[in-house]
Amino acid sequence: MEKIVLLLAIVSLVKSDQICIGYHANNSTVQVDTIMEKNVTVTHAQDILEKTHNGKLCDLDGVKPLILRDCSVAGWLLGNPMCDEFINVPEWSYIVEKASPANDLCYPGDFNDYEELKHLLSRINHFEKIQIIPKSSWPNHEASLGVSSACPYLGKSSFFRNVVWLIKKNSAYPTIKRSYNNTNQEDLLVLWGIHHPNDAAEQIKLYQNPNTYISVGTSTLNQRLVPKIATRSKVNGQSGRMEFFWTILKPNDAINFESNGNFIAPEYAYKIVKKGDSAIMKSELEYGNCNTKCQTPMGAINSSMPFHNIHPLTIGECPKYVKSNRLVLATGLRNTPQRERRRKKRGLFGAIAGFIEGGWQGMVDGWYGYHHSNEQGSGYAADKESTQKAIDGVTNKVNSIIDKMNTQFEAVGREFNNLERRIENLNKKMEDGFLDVWTYNAELLVLMENERTLDFHDSNVKNLYDKVRLQLRDNAKELGNGCFEFYHKCDDECMESVKNGTYDYPQYSEEARLNREEISGVKLESMGTYQILSIYSTVASSLALAIMVAGLSLWMCSNGSLQCRI
């Protein structure tokens, strides 16, 4: 009885003072994925995938876009009468064209190398329209009769504003020889065309000469065109067709024209006064009177995130497009509040998900810290040094990832003519392949970084635990749940010394040794008692078994079941 009382007294003494190492927990339900696990609940996380836009066309860095409304690029450059609002346009940040604009080539035909011209425009921010061959400078040809009902203006027949359709005059079409020398310091975009009549009668009616040609030459261009006379279906009321061409005339270079019919001469050209990043974006959106750094056909993106999944085509300083629906980067710890007692999977270091069973919602001023209890009370205290180092480390890592992924680029649609469909299909397959690879890389990066972040937190908790363990040594007992029981009295000053790393082991070692030996002695004495009882029990059992065997043998001998010889 005395031993039992002594044991209870010692147990109550040892249990009194404790210090535990733990980590922060909160009410967060946000989940992340790692290489090893899915749907890991964490205390803090950062979404790095932008999914929202404003649904508007905006200025890009303060520069308005050129929104062509119902006009196409061809209609704008040639001067479709329905596109007069774009006769002179200011600097633009990007060009917006509808998928099927109504005001294209009003007189039916083709625009040669149209896709290449659009690609050129993706590197231009401003044109200045200049007159190179005045309409009044054709005294031997009709320069005002070249109009068509296909290009109406105010209910009357008209024609493209920037070129002149030359017709015979007084039943004659003298051979044209005309040159223009580019004396500007800028490159010049020059446009001209040829008319393909419906039949020979129309050819004679308009140009008098049955066999005509157009020759165009520069230092880099040598072109000779002849009309293709053929019966065709009517488009916009016209059986004839027009084909338009363009070239870039360098400074101090000259363009020379020679023709005896079917010539659509340039009147205006475009001086390229500013080059820069631009794009031709297909979109049906309206202008939103807003400003952005990143524009997509779906709307503007204002985000510092490194990825987005809104549209693969962008202009400006944009996040990278990925096909993912979710990219969440862990910044905090595994969120396992103490009330949630079920065992979680272990992290690399086994700290948070291993020997420590749940976080503390009561510790709100740090990621890692302590909980102590002694005669003076109990309380939580964050380890601010390790917490700050962890915050700095995670913040630097997140910023580094964003910086690496934020290499700005533009992705604009490429257009191909009908003869290049196989190239277009190959290009789409290549772009889809690049997007698939980039999406995979982004998702893998997030999984790996989340694994590293959670292991980083596990390691920090384990390091804090080891810091305490190495200080206390045998002055305290490890309980296996992140806590230590002192073999000596540890007041608040003592607790504080453990937390800040100044614990004086020798000061408490003698008291701890005595208490430790006293507890060990009780255990040994109890062990001896148990051993004696075990021996007595074994001997008694053996004697009882021997007596039973002897009695059974005598009974069998007496009734003849067993022969007994002496």
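Cβ coordinates come from backbone N, Cα and C, glycine included.
Sequence annotations record features per position, and here Swiss-Prot assigns disulfide bond to CYS58-CYS290, CYS71-CYS83, CYS106-CYS151, CYS294-CYS318, CYS490-CYS494 based on sequence analysis. What Swiss-Prot records for ASN26, ASN27, ASN39, ASN181, ASN302, ASN500 is N-linked glycosylation site. Per Swiss-Prot, the feature S-palmitoyl cysteine maps to CYS557, CYS564; the stated evidence is sequence analysis. Taken from Swiss-Prot, the feature topological domain 'Extracellular' applies to 17-531, supported by sequence analysis. Annotated topological domain 'Cytoplasmic' per Swiss-Prot: 553-566, in sequence order, evidence recorded as sequence analysis. The annotation transmembrane segment is assigned in Swiss-Prot to 532-552 on the grounds of sequence analysis.
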Exercise. Measuring Cα to Cα, tell me the gap between CYS71 (disulfide bond) and ASN500 (N-linked glycosylation site) in whole angstrom.
Key: 73
Quiz item: Is CYS494 (disulfide bond) helix, strand or coil when read with DSSP?
Solution: helix
Quiz item: Per-residue pLDDT averaged over the topological domain 'Cytoplasmic' (553-566) comes to what?
Solution: 56
Quiz prompt | recorded positions near CYS294 (disulfide bond), in sequence order, restricted to ASN39, ASN181, CYS490 and a 10 Å Cα cut-off | solution = none
Self-check item: Listed in sequence order, residues with CB under 8 A of ASN39 (N-linked glycosylation site) and six or more positions away
Solution: GLN31, ASP33
Quiz item: Looking at the recorded positions CYS151, ASN181, CYS494, which has the shortest Cα distance to CYS290 (disulfide bond)?
Solution: CYS151
Quiz prompt | DSSP state at ASN302 (N-linked glycosylation site), helix/strand/coil | solution = coil
Quiz item: Taking the Cβ of CYS106 (disulfide bond) as centre, how many other Cβ atoms lie within 10 Å?
Solution: 26
Exercise. Have a look at the recorded positions ASN27, CYS106, ASN302 and say which one has the shortest Cα distance to CYS490 (disulfide bond).
Key: ASN27
Quiz item: Are any of ASN26, CYS83, ASN302, CYS494, ASN500 (the recorded positions) within 10 Å of CYS318 (disulfide bond) when you go C-alpha to C-alpha, and if so which?
Solution: ASN302
Quiz item: 10 Å Cβ neighbour count around ASN26 (N-linked glycosylation site)?
Solution: 17
Quiz item: Least buried of the disulfide-bonded residues CYS83, CYS151, CYS290, CYS318, CYS494, going by other Cβ atoms within 10 Å?
Solution: CYS290
Self-check item: For CYS106 (disulfide bond), the one of ASN26, ASN27, ASN181, CYS494, ASN500 that lies nearest, given that the recorded positions are compared by Cα
Solution: ASN181
